């Protein structure tokens, strides 16, 4: 089973949600119609921000507070990320197909079965959909102690974007996992061939490794923007929600509702954060395996093999390996590795300190205005 076939169910769901990932179109007209549908769904999603912040049930807070502006900015950033992601998928449609074609060719060459990827992808997709629709939305209205049909429709439309973002992370994670399985197979077979003194499989294995690194270039071109948006989304999401809970919910909301609101936030953030961490770890793991391939050549014994062609190919591979990019990139802004996790969480702490200072300034101004009014009344 190839990668495209293993992700068929996930791709169909993303297509329904308006995200064109490896979608086969019968004609250019159907392709244009679907892209128009994708843009239309994003316009609706952008409109839900306005209705969401105006709904007295979903957002009863004072519209003049810093809490409201943080929530509004976080929602706008989220919707902009999803809209830019849709446009990126439309513009990078050919690159997405090249990744799939090259990956299927490599999996056929090295007999890699993606059945495990299909089971994992389907399981995670089902879990995310159930968690958001059947747990998150009910908890939202339980935390509000109120319910209305318009509010439910607005919340469903708003939740669909969260599901779409999480499912797109699942798709990228499965793609990285398939590349990891390829590198593991190549490294194992190369060590096995060198250990047994067989030179015939070495050249095809080195060629396969070069094609895997070609996939890295195509993925950076196709998914680099998404990696950047995903990291920025986590930064805004964690910073905004931590601040809003500490200063906007726990001090003013009764304990039971505060607990429900915290559970709601954890349900919303949890899957996206877990998938983001998994993607970062997979990117770092891929870089380690890509370098391990070059280290596998230390098992090569030129005197035992007596094959100058293999020796030349290995030397050429090692020279090329010095210059080939083996790291995934966030649209060229920074490389994706474990250091990104530290950078994001340290940035969250920095921005929280800044927001706390703004909160203190807001409180000082409020107290000053309150004191001035009391004096006038006296």
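Glycine is no exception: its Cβ is also placed from the backbone N, Cα and C atoms.
From the options 15-33, 34-52, the stretch TrEMBL describes as transmembrane segment is 34-52.
Here the transmembrane segment (34-52) does not lie next to the transmembrane segment (339-358) in space: the count of CB pairs under 8 Å, restricted to residues six or more apart, is fewer than 3. Tallying C-beta pairs under 8 angstroms between the transmembrane segment (339-358) and each of 64-87, 149-170, 223-253, 265-288 places 223-253 first.
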